[in-house]
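Undergrad: Shown below is the structure under consideration.
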Amino acid sequence: MKIMVAMSGGVDSTMTAKILKEAGHEIEGCYMKLHQKPGYHEENIRKVKKVGEYLGIKVHILDLQDKFNEFVYDPFVRLYKEGKTPNPCALCNRFIKLGALLNFAKQNGCEKLATGHYVQIIDGFVTMAKDPSKDQSYFLAQVPKEVLKDVIFPLGDKFKADIKELAREVPVLNEFATQPESSEICFVEDTYIEILNKHYNTNLPGNVVDKNGNVIGRHQGYMHYTIGKRRGFEVFGAHEPHFVLKINADKNEIVVGSKDDLAQKIVELENVNLFIDEDEFECETKIRYRSPKLEASVKIDKQNKTAVVALSQNALGVAQGQLCVMYDGERVIASGFIK
């Protein structure tokens, strides 16, 4: 089978290509230029080309910067401006990696696209990886169901520690295998504020108010805060911690309260992506990547692609713009963005 492999020059994508080639498939690699971080692509392309030579495969360089800006970067900046907390990786997987790159793979005669994600496809469902510490099912929950037949994830049934061990036997990787584990958002060097500062003045001091709208303190600019944050603002004469409950971007104002005030049982979603036919069901949900699963009852409005999630217990720090993912056991059955 002819398979296109998304390649970054890192351990996971290299081992993905190696595993598939050793299984007898015809492999081509593709490196995606997604953003304009200085020096980032030159080093990665050098690595990818070395890996390509080692494996004896053709490597494509695909410039997707315009598409990445449209579907990932610009919404990231816009949502923070609106006082929300975006999830760029979920959008990138949907529109770029398993969108634009998949189209490129098909145009080049490939039957499948493979990536180094730690996730499985079982019975047509995105399913949690065998290695729970590396599971990326959450970030693939917005990928359309019809795409899943065209993608494979060879690392989904493997443990990261085993992949690292196998990688030690690959001489080309040993030259640059000391690179840190890639995590967080690829185009953010240190903090998201650095990105926003390129577009806006984020240092706009404003009022901190309580739930009733009374001014009780000052903050350094609303874009510095996300729901649940408890530092970086002043509450006059406060002796107990205060948490950000809401961000009123239009007023440059943050609403704060106690930890109990953060608690929420009803979560409304938009841009819902469904993997099942039912519009009412019981499930477990994650309101952000690292949060524990909570039992919930869900009602979907298919026409408007919205949902109401009733949690069985209070969740803290439910943030607009974050992805809520619904699971039946280990399989993803739906997802939507918190509104």
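Each residue, glycine too, has its Cβ placed from N, Cα and C.
The active site, nucleophile feature in Swiss-Prot is assigned to CYS92. Look at Swiss-Prot and you will find CYS186 tagged as active site, cysteine persulfide intermediate, backed by sequence analysis. The ATP binding site annotation in Swiss-Prot covers ALA6, MET7, SER8, GLY9, GLY10, VAL11, ASP12, SER13, MET32, GLY116. Sequence annotations record features per position, and here Swiss-Prot assigns disulfide bond to CYS92-CYS186 based on sequence analysis. Under the heading site 'Interaction with tRNA', Swiss-Prot lists HIS117, GLN322.
Situate these features within the shown structure.
TA: Cβ neighbour count for CYS92 (active site, nucleophile): 26 (other Cβ atoms within 10 Å of its Cβ, all protein chains included).
Following the DSSP three-state reduction, the secondary structure of CYS186 (active site, cysteine persulfide intermediate) is coil. Counting only same-chain residues six or more apart in sequence, the Cβ atoms lying under 8 angstroms from the Cβ of CYS186 (active site, cysteine persulfide intermediate) belong to LEU34, HIS35, LYS37.
The Cβ neighbour count for ALA6 (ATP binding site), using a 10 Å radius and every protein chain shown, is 25.
In the three-state DSSP scheme, HIS117 (site 'Interaction with tRNA') is classed as coil. The Cβ of HIS117 (site 'Interaction with tRNA') lies under 8 Å from the Cβ of ASN93, GLN136, PHE139, LEU140, PHE153, LEU155, GLY156, each of which sits 6+ residues away along the same chain.
The 10 Å shell around the Cβ of GLN322 (site 'Interaction with tRNA') contains 24 further Cβ atoms across the protein chains shown. The secondary structure of GLN322 (site 'Interaction with tRNA'), as reduced to three states from DSSP, is coil rather than helix or strand.
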Undergrad: Would you work out the biggest C-alpha to C-alpha distance among ALA6, MET7, SER8, GLY9, GLY10, VAL11, ASP12, SER13, MET32, GLY116, the residues that bind ATP according to the record, and give it in angstrom as a whole number?
TA: 16
Undergrad: Quick one: pull the CA-CA distance for ALA6 (ATP binding site) versus GLN322 (site 'Interaction with tRNA'), whole Å only.
TA: 26
Undergrad: So which of the binding-site residues is most packed in, judged by how many other Cβ atoms lie within 10 Å of its Cβ, out of SER8, ASP12?
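TA: When each Cβ's neighbours within 10 Å are tallied, ASP12 tops the list.
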Undergrad: Restricting to the chain of MET32 (ATP binding site) and a gap of 6 or more, list residues whose Cβ falls under 8 Å of its Cβ, or answer none.
TA: ALA6, LEU62, LEU64, ILE96, LYS97, LEU101
